[in-house]
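Structure, as structure tokens:
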């Protein structure tokens, strides 16, 4: 599966060894509320490995006065030189599928990748071998979700295809249905009351398994709520005044949406018949930069939002009433943060600067960059991470596996091991006011 002509499968990396001083906090680039279209990025020819990139690209954070005015003391730390962190690129695959647009993990050791083509490829870990394909007439699998043995894939035509995975001696995927149902869509369209199809491209999906609900977010600024049992759209939420880029749902049913309007909104489901099914509880502001990615810690104690200015903002859930309070920003990327993932006490961020950074969350609330994964030749569009070498591996050896998909068309798997037990051990997030107790 690997490129036979490639002789170096070791990913280049670098640690940032100097701290940012106040004199370095200068405004080095213009600030825009719109991200540069992907077509404007200059993509190098895809390769399975690459030489070390310029240290100025990997190591120099771009600081903005916007963040200095409103943020608390930076909770970002630099990895110490004696940090026992090792990482390498375990596998790298290039297919003739175009850009890699989405990644989803399955609890039984499978990884799904969507691309520009009409194929969703299925990979088995830890061998990292291709073990199946989901084929349709539609192209561009822009979002993927896996729930139990059901796979959901949203395509460029605005529809979601659903498969059931079976394990009868061999792995098979049986096509179940399409959302919205074709007949229901035609009837509503003829009646002039089309409330099913998004009017823009689907950008994200999320599943509330406890309530049997599928959420879809779109560039048309809305979130649609689907009842999985009968495939009906039960609600359309006019969530933001600008396109929605990311969405996720917590285990307690709380829904989070992120938009180009530089906000993250928090929604709760209402169970009273006279109320709207979902209501807005709070709006979180991301310092004037469009939010492109979201991630929650496993215990839902910290919410992260990746922005187009290269910053990652985070909010902490307070111990009283569970309200979210702004915790600070993490700086390191030089271009837009396009995807985020969390595993144990790690935060993984993929960026348009073609790098993937691994951050360790410490007990005092600071985030230390322990690894910079370098090897892609284009913006990193999607990322997924899990502990150990296979999904649902609960080993305590400090190892995690990271999967990255890029617009260069390459899918990579990385192994990262951080032996600092104080950082890796699971601990409760700090209360938000602890970040300011020294002020």
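Each residue, glycine too, has its Cβ placed from N, Cα and C.
TrEMBL lists 54-63 with the feature compositional bias 'Polar residues'.
Residues or ranges marked as region 'Disordered' by TrEMBL: 54-84.
Same-chain neighbours of the repeat 'WD' (195-236): 142-145, 147-148, 152, 154-156, 158-160, 177, 179-181, 184-185, 188, 242-249, 251, 253, 255, 257, 259, 269, 276-278, counting only residues six or more beyond its ends whose CB sits under 8 Å from a CB of the stretch. The repeat 'WD' feature in TrEMBL is assigned to 195-236 (among others).
Annotation source TrEMBL lists repeat 'WD' at 237-267 (among others). Residues of the same chain lying 6 or more positions beyond the ends of the repeat 'WD' (237-267) and with a Cβ under 8 Å from any Cβ of it are 33-34, 200, 203-208, 210-211, 215, 217-225, 278-296, 300, 303, 305, 307, 315, 324.
Note on the repeat 'WD' (330-359): its mean pLDDT in the predicted model is 97. Sequence annotations record features per position, and here TrEMBL assigns repeat 'WD' to 330-359 (among others).
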